[in-house]
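Notes follow the structure.
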Amino acid sequence: MRSFAFSWKKGYDKLNRKDGEESLRKFVEKENIMQKILITNDDGIQSDGIIRLARAAKKYGKVWVVAPDGQRSAMSHRITLRETIEFFPVDFPVEGVHAYASTGTPADCVRFGILNIVKEKPDYVFSGINYGYNSGTDIQYSATVGSALEAACAGVHAIAFSEGASECHEVTDAYLERMMEELMEQPLAYNQIWNVNFPQCELEKLRGILYDRKIADCGFFIDEYLEEELENGRIRLTVHGNYNENAPEGTDFRSLVDGYISVGKVNNLR
């Protein structure tokens, strides 16, 4: 089983691991190491989450953003094969970050970023910060997770970040850099990613961080289709989700319900 290792990181491990006095960020700054970080999402390049993620990632290296030009949620790991895709440079509100928008999917963005934009392959791919949790069976639909798994397929260390679908980002903003740095240092097997979900509670109500969370065998919502009859026998369907009150113990779903940051691994094709 392969795990990721980088030459700069080996130097950091040798220098740093015994006393633990120096953070990864300080080591990077001192050694003038330019790690290459590619960022994408599925909420679109204009979303608040990707801007906050890029701002935090910039402290750890050179950042490129390649993201969809609009909403692409629930596209999972989809890529475009039989149509053309357009990528175009855009202004991005984080100084020093090169940004491209795309008419394609989040996974397309990762492929293009790795193959055409970031020279010599990025050291990391970050996806998010998604507006809404990616836990339980919802993971299989998530393009936030799917694009991170695309990076893992290419042998790049990838982390997916998500938060509750609310305007309360206190926990995310307080812990994003800590989780980023911590998981950048933790090895992953090939075709494996880190999946981080921040609860939408106020910071004072955060109960802690739970690691190695199992993926729940259910989602946050139990879906149903509401039907509307149209002319000529056609039916219009609208998805309606009912909150699922069954949150199994030890899972990512339960961690978030109980007010914890949830951290776990997601395997691709394993």
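Cβ coordinates are placed from backbone N, Cα and C, and glycine is handled just like the others.
Where the annotation comes from TrEMBL, it is an automatic prediction and has not been curated.
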Which candidate from SER73, SER102 does TrEMBL annotate alongside ASP42, ASP43, ASN130 at the divalent metal cation binding site?
SER73
Which has the fewest other Cβ atoms within 10 Å: SER73, ASN130, the binding-site residues listed?
SER73
What number of additional C-beta atoms lies within 10 angstroms of the C-beta atom of ASP43 (divalent metal cation binding site)?
23
